[in-house]
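Worksheet: one structure, shown below.
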């Protein structure tokens, strides 16, 4: 059976309404019938193509991947609600409060979180985010009019809210902003191609794919000699300062996932791995001394591929749940 984490993430992702196409960083393959844009109604397509602002009501648990104005009005006490926002890898998300009518003194709250959090696990992890965990929360009841516009540090963000009085609610406007060097990313699709670049910055960047996948690294530039080796308890790349690691696990937080392989040195060629975990992460650690770059492609792992070994592949670690 599908794990609870994967079920929850896929339940969130079915709300996606992203337009198709290629960008500098992500190439979505075989959109076809699976293109989330096809979920949009013809009226909405015409509205968006005419440059009008998209407006709709929010559900208690919701997912947004499109710009527009969104309103939540409680029809009954709503105690545990959240809206997940996601953009393309090269996009940041801005959330503007247009109208808020909640009872802060009575226990209501409205909080923006810079990233995603699910069952206590965060993306990006605390090790990979420029802000502390407390700084990643912006509570409307504490900031009020002081901070009515919040921008994310990556392509995902979310809001938590609790509204007890029917008729109360809020309205937000969601906008997308370009990000020249995307760092932490959650993929909207189970397949694609991505190039991650860290230009002389001391930071860690993770690319998360919430599917079992085959991942193929075709180019890695770290400013070192060639080489690739599996992670062992007594060995690793931490001493190199700049490296890429592949992680797998059943949760959202990369820091809590199992390390599968380390790539410490530059190479041009092909390194492939089958990872049957619910979540696969490629994570680059950068010392800031080099311009580091990695190019990889991925596609969803099927049951036949778990039974077929390919040349130049690292043996699969996780297996899909059946």
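We number each residue from 1, going along the chain as drawn.
Even glycines carry a Cβ here, placed using N, Cα and C.
Curation plays no part in TrEMBL annotations; they are all automatic predictions.
What TrEMBL annotates here:
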DISULFID  60-81  disulfide bond
DISULFID  104-141  disulfide bond
DISULFID  183-205  disulfide bond
DISULFID  237-264  disulfide bond
DISULFID  277-318  disulfide bond
DOMAIN    52-177  domain 'Corticotropin-releasing factor binding protein N-terminal'
DOMAIN    185-306  domain 'Corticotropin-releasing factor binding protein C-terminal'
SIGNAL    1-21  signal peptide
Cβ atoms near residue 277 (disulfide bond) (within 10 Å, other residues, all chains): 29
Top Cα neighbour of residue 205 (disulfide bond) in the set of disulfide-bonded residues 60, 81, 141, 237: 237
Spatial separation of residue 237 (disulfide bond) from residue 141 (disulfide bond) - C-alpha basis, Å: 44
The domain 'Corticotropin-releasing factor binding protein C-terminal' (185-306), counted residue by residue under DSSP: helix, strand, coil: 10 helix, 68 strand, 44 coil
Residue 183 (disulfide bond) and residue 81 (disulfide bond), Cα-Cα, nearest whole angstrom: 28
The domain 'Corticotropin-releasing factor binding protein N-terminal' (52-177), counted residue by residue under DSSP: helix, strand, coil: 10 helix, 67 strand, 49 coil
CB within-chain contacts under 8 A for residue 60 (disulfide bond), separation at least 6: 72, 78, 80, 81
CB contacts for residue 237 (disulfide bond) [other CB atoms within 10 A, all chains]: 22
For residue 141 (disulfide bond), the number of other Cβ atoms found within 10 Å of its own Cβ: 15
